[in-house]
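Here is the structure we will look at, set down as structure tokens.
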Amino acid sequence: MAVDITTDLNKVRNIGIMAHIDAGKTTTTERILFYTGITYKIGEVHEGAATMDWMEQEQERGITITSAATTCWWKDHQINIIDTPGHVDFTAEVERSLRVLDGAVAVFDGVAGVEPQTMTVWRQANKYAVPRMCFVNKLDRTGADFFRCVDMMVERLNSTPLVLQLPIGAESDFLGVVDLVGMRALTWRGETKMGEDYEVEEIPAELAEQAAEYREKLLETLSEADDDVMEKYLEGEDFTVEELEAAIRRATLADKVNPVLCGTAFKNKGVQPLLDAVVKFLPSPLDIGEIIGHSVKDENEKVSRKPADSEPFSGLAYKIASDPHLGKLIYIRVYSGKLEAGSTVVNSVNGRKERIGKVYQMHANKREEIASVGAGQIVAVMGLKDTKTGHTLSDPQHQVVLESMTFPAPVIEVAIEPKTKSDQEKLGTAIQRLSDEDPTFTVKSDEETGQTIIAGMGELHLEILVDRMRREFRVEATVGKPQVAYRETIRRKVENHSYTHKKQTGGSGQFAKVIISLEPSIDPETNTGAGYEFVNNVSGGRVPREYIPSVDQGAQEAMEFGVLAGYPMVDVKVTLEDGAYHDVDSSELAFKIAGNQAFKEAARQAKPVLLEPMFAVEVTTPETFLGTVIGDINSRRGHIQAQEERHGDMVISALVPLSEMFGYVGDLRSKTSGQASYSMEFDSYAEVPQGIADEIIKKVRGE
């Protein structure tokens, strides 16, 4: 069933399914693909089964839905599901997928409630103001508690849940849901079928009172978010289903409420109403409206693009994937205009022209080649050579740069040593391909040892990348022990440090004099590091304008190798105060060398310190082991931030240096007889205590 791709944009939904790693996201997505498949295959379950089997092979390889965007159809609406990874090491992937979504469904584990990773993803969704609804899953499991999960959404996510459904029955007796908008019951009876059919019934008598109470709460919450509802509610008038649905949609799109539904995807209960809600309450590309980018020449000049085919083409490359049969596929969200196979576009970030090869729409288990695609759609494209994740593609005559994405710097690195000469060559290809796909994966070579060093967001992140090198690129390599990616910065201001570079060898010499000041670069609002900053204070042409960028470049190059132990320096403000030049002997190179050396000398006097990555760690443990766990965290130089009771267990939140967390999995297991679990994510950089810093510096210097 190839549907004409020029779908009415009102009927398109670009959604993400976001969740903690075990909340049942893949199962939910799989069931969505299964039911949406049924609507066109009229119950040919063997095809549905084929889709499912195909998904399971993918899961064996540990990937959640092969495709970065899967298109399916529900009640003549096109739903593009954009996958978001659930593990904290892949925050870059989450950021990137949120950037191209219009709305999201957050899946919660009905037993565990709101988990740390859910909070991280939720915060990222707040940053991009993504309208979202919630699906409380796994209500058939022992210990599942829908109402506690809703309370946690308020406490931990600071959200305004709008409960649209209540569970009927609990744990193994979970039968279905009460629909509070239509005031009816939806039940899925009998385990034998795949849950395609459900009954619409009267609300069971024993739930009538609870349903009335929650219907009242629904109206109260809606009236606070919507003036029209408020007026009618205060006058005591009744609402039609259509009026309520329109109000829920308005409040959801304004990000004032988050509709909450429930069910169990694994037992096939509650998925169709979830799809209905996606269509009814989440935004279409038209609701999101125009996207604002900036001009190629001037970052401060705003350029807008409306989601219409008549506008000039603009799109964002948000994911690169390697397809075993097709090679490199780049996923693009088209924001405006049309994208046609065979056309030429320009990469607005690097200025290169790109020819669009084939354009594919990705379905659950097949890809469909299409000739062209309009605004608001998400497709995969072949044939692009110089485009990376986060780049903008646009009409050559009307260029625009869409907001680029910022990714955190890697915090952990390992040395990787290919076993043979042929592995060396394959490693180069693998690294190139993987760093194209993943901007948080970086590579450098150690100048002293000549080793290749790869860096990423956590141990799991690097393990998966090394595993992919082995499997996809057949690279056999030995991998060193993980090392922490330290940084350096300064704590004191040094004013008017002078350095003169001169060299006289036959012919023209080199001459440059610079006077610089260094100081810590701090953001006054957050009191955290504000990155590198260069200020030019030179007046009266004492350093010609064309040489000033060279001083800046020299200082930045000096920052790549800090003065303490050669780690990259961060958060330094450099001010060029004065200088001198020579008509014949001065050059860009001379000023670059002067800037570089002046920076190094001044940095040594500016009280340089070592910084280390701190991780926010959350440990869940039975109370009997509480003292042991806290003692262990303290011994790792951790700072306990909070502890609370949750479902009979104790949950400890702490900030711990990454260098002290290696091997924590095994230690925690043995100290708590395997009964405790933990999760961790990067938080910030903090100063290393003097005694430990001295040891690290000695080790690096080989003393």
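Every residue gets a Cβ built from N, Cα and C, even glycine.
Annotation source Swiss-Prot lists GTP binding site at 19-26, 83-87, 137-140. The annotation domain 'tr-type G' is assigned in Swiss-Prot to 10-286.
Looking only at the binding-site residues A19, L139, the densest Cβ neighbourhood within 10 Å occurs at A19. Confidence across the domain 'tr-type G' (10-286), taken as the mean pLDDT and rounded to a whole number, stands at 79.
DSSP classifies L139 (GTP binding site) as coil under the three-state reduction.
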